[in-house]
Amino acid sequence: MKLTAASSSGLVSIDAQILFRVCLHRNYPQLSSYLLTATFMLPCMWDSSRAHPPTAQENTDEQGSNFKAAPTAACKGKGFTKPRYPYIKKASSFSSVPGEAYDYIIVGGGTAGCPLAATLSHKFKVLLLERGGSPYGNRNISRLQNFHISLADTSPSSPSQAFISTDGVINARARVLGGGTCINAGFYTRASPSYVNAASWDGQLVNESYPWVEKRIVYWPNVAPWQAALRDGLLEAGVSPFNGYTFDHIYGTKVGGTIFDRRGFRHTAADLLAAGNPNNLRVLLRASVQKIVFDTQGRRPKAVAVQFKDENGRQHQAVLEEGAGGGDVILSAGAIGSPQLLLLSGIGPKHDLEKLRIPVVLHNQHVGKGMSDNPMNSIFIPTKKPVRQSLIQTVGITKMGTFIEASSGFSQSSDSIQCHHGILSAEIGQLSAIPPAQRSLEAAQKYARNKQNLPREAFRGGFILEKIDGPLSTGELSLLNTDVDCSPAVTFNYFSHPYDLKRCVHGIRTIEKIVRTKHIAKLSGADEYPMEVLLNLSVKANLNLVPKHTNDTASIQQFCRDTVITIWHYHGGCHVGKVVDHDYRVMGVAGLRVIDGSTFVNSPGTNPQATVMMMGRYMGVKILRERLGRAAAV
C-alpha cells in the first residue's frame, strides 16, 4: 500500500510496505502500526563540461533544461540501453570449479571497490561481489532529474536500502554496482592536505590517484541561478574569498566538480571498471556475502574464502589462491556493511558475538565503534517564481567547521508530483509535526486528501543547508541478528557533544545572513519572511522521527536537535589503529583488509566520494607495487 500526501510546507509520501519489514521493526518496533513519510524533492538538470572552468558570470544559466521525461517511465526507472560489459554477470552464473581461485576477492562493488578491482585486475585475478544490481539501464540512477526518485525506491531490488538510526534519523545505504556514487547528489571535491597527512597517505600517490578518477568521470557544473545566488550571498556574508572552480578543499567559497555530464547523465564508480583488465576481472551482481571463511589451524586466523548467496538464494563459496605472497579478501562494503560483515564472520566484541551464537574468530572490542554521521540542518526558502532545479554545486567552507550548501527546485517537476517518493530524503515534507503516537493511517490519509488542494506554488523554493565537519559526537553499530540483509542497529548520537551543537548554531546564523543578502532576496523575496517564519517552515520540511518541541523557532539549539537529518556521509566502525593497520589489514588475522569509509575517523572534504574513489585507486596501486615492485608498471 502506498499513499501520497502533503503538508503546507511540502509534499509528503508514505510507504506502508517498508514499515512492515523486520529489519526496520527491530530498530524501531513502535513504528509497526505507523507510517513513515518522506520524499526527495530535488530533481534537477544542469549542464557540465570537462573544459576549463568558465567565469562565474558566463557559467550561470537562467533558462534551465527543456528536457522532460515521461512521468510513468521516470517512476519505473526504465528507458536506457544497457552497456554490455562481458565481465559483469549475475551471481547465479558462478560455478565452483575445482581448483578455481582468485588472487583477490573484493566484497562490495561500491565507491572504493570498483576502482580497487579495476586497478588490481591489471596484474591479478579479481572477483568483485556486489549485493545490488547494475546501474546501467536504470534512468532513475542515470538521469540527474530523477535523483530523488531513485533514492526513494523501497523495492527489494532498489539501489537504495533504507535504515533508521536509533536516533530517529532516516538514512540510506547504497545497494548497487557503483555504490553511493549512483544515488548521491554528485558533488565532487577532494580532501584537504591536512587530511591526507593525518591519514599517513603518500602525497605523491594521492596526487596521482585523484586525477585517475577525474579524467574518467568528473565534470564542471553549469551553475544554476540558486547556486549562483548562494555563491554571491556567501561572499557578502563574509565566507570569503571566492576560490573559483576547484576540486581543492580551501576556506572560503568555491564551485566544485560533479559526476553528471552536460547531458545530465550520471557517471559512477562502476564506470571505472572499464579501466581494468577484462580478462582478469569478474563481477557478480546480486551476490550477497554471508561471511568470511577462516583457516584457524595456524598461528593466527587466515581468511581463505567467502560464502555468498545468489539472486535465487543458492549458496556459493569463492576461494582465494593459496601460496606464499597470496592475495586477500578485501571488504569494501561501506561504513555499515564492512563492520557488519566482520561481526557476522566472528571478528568483534566477544560478548556480543556469543549472544548471537556467532563463533568467535577474534575478539576486538572496537569493531562497530566510533560511528559518526555529519549532522545536517536546512532552511527552506520560498521563492517568487519556480527556480531551476539544482543539487550541490557551490559550497562555503567556514573556519568554524561548518559547510554551507544549497539545493533548489523543490517538487516542481511533473515527475515529482506524480511519482511515489518513498521514505528517504534530506529535504522533505512529512508528518513529523505529529507526535509519534498519533502517526496513524488516518492521519496519512488526511494528508493525502489535502495534497490535491494545494497549489503548485506551495512547492516553489530552495534550501540552504549547513552541515558539521568532523563531528565530535560518536556512536556505535551492533548486530540485531545474523541476517546480512537486515541492517544492523546504528546510533550516531547527533549533537551529544556541545561543540557540535555550537557549530550548528553558527551555521544557522550564517544562513540567516545569506538569506538577507540581495542575491537570495532577488529570487525569494526573503525580506517578506522573518527568520522565525523560515525556521517554522523548515521544522516541517526536515525529515526525522525526533520528537518536536514548541520552542523550535525560539531556540536555535533546539531547532538543530529537532530538525537534524543526514546527508549520508556516515563513517567509522573499522578505525585505523583499532581494527585495521595503516595498510588497512585487519589486525590479528591474515589475508583480510578493509578499504572504504568505515576506516575514516572524519569524513574527507565537504563530500567524501572523491576521496573514497581515490582511496580505491591508491590502495590498488600500493598493493601492486608492494607485491611486484617495478613490474607493477603503475
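In case you wondered, yes, glycine gets a Cβ from its N, Cα and C as well.
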Cys560: disulphide-linked cysteine among Cys504, Cys574 [source: TrEMBL]: Cys504
Tertiary contacts of the domain 'Glucose-methanol-choline oxidoreductase N-terminal' (174-197), as residues 6+ beyond its ends and Cβ separation under 8 Å: 42, 88, 108-114, 130-135, 141, 144, 147, 150-151, 158-161, 203, 206, 210, 214, 218, 247-249, 256-260, 266, 268-271, 283, 285, 334, 391-393, 395, 405, 407, 568, 602, 604-607, 609-614
C-alpha spacing of Trp568 (FAD binding site) relative to Cys560 (disulfide bond), in angstrom: 17
Which same-chain residues, if any, lie at least 6 apart from Gly597 (FAD binding site) yet have Cβ under 8 Å of it: Thr111, Ala112, Gly334, Ala335, Tyr570, His571, Ser603, Pro608, Val612
For Val176 (FAD binding site): intrachain residues, at least 6 apart, with Cβ closer than 8 Å: Glu130, Gly132, Gly133, Ser134, Pro135, Ile141, Pro159, Ser160, Cys182, Ile183
FAD binding residues Glu130, Arg131, Val176, Val289, Trp568, His569, Gly597, Pro608, Gln609: largest Cα-Cα distance, in Å and rounded to whole number: 25
DSSP-assigned states of the domain 'Glucose-methanol-choline oxidoreductase N-terminal' (334-348) in counts, ordered helix, strand, coil: 11 helix, 2 strand, 2 coil
Nonlocal neighbours by CB distance (under 8 Å) for Cys504 (disulfide bond), same chain, sequence gap 6 or more: Pro375, Asn377, Thr402, Glu466, Ile468, Phe495, Ile556, Gln557, Cys560
The domain 'Glucose-methanol-choline oxidoreductase N-terminal' (174-197), counted residue by residue under DSSP: helix, strand, coil: 9 helix, 4 strand, 11 coil
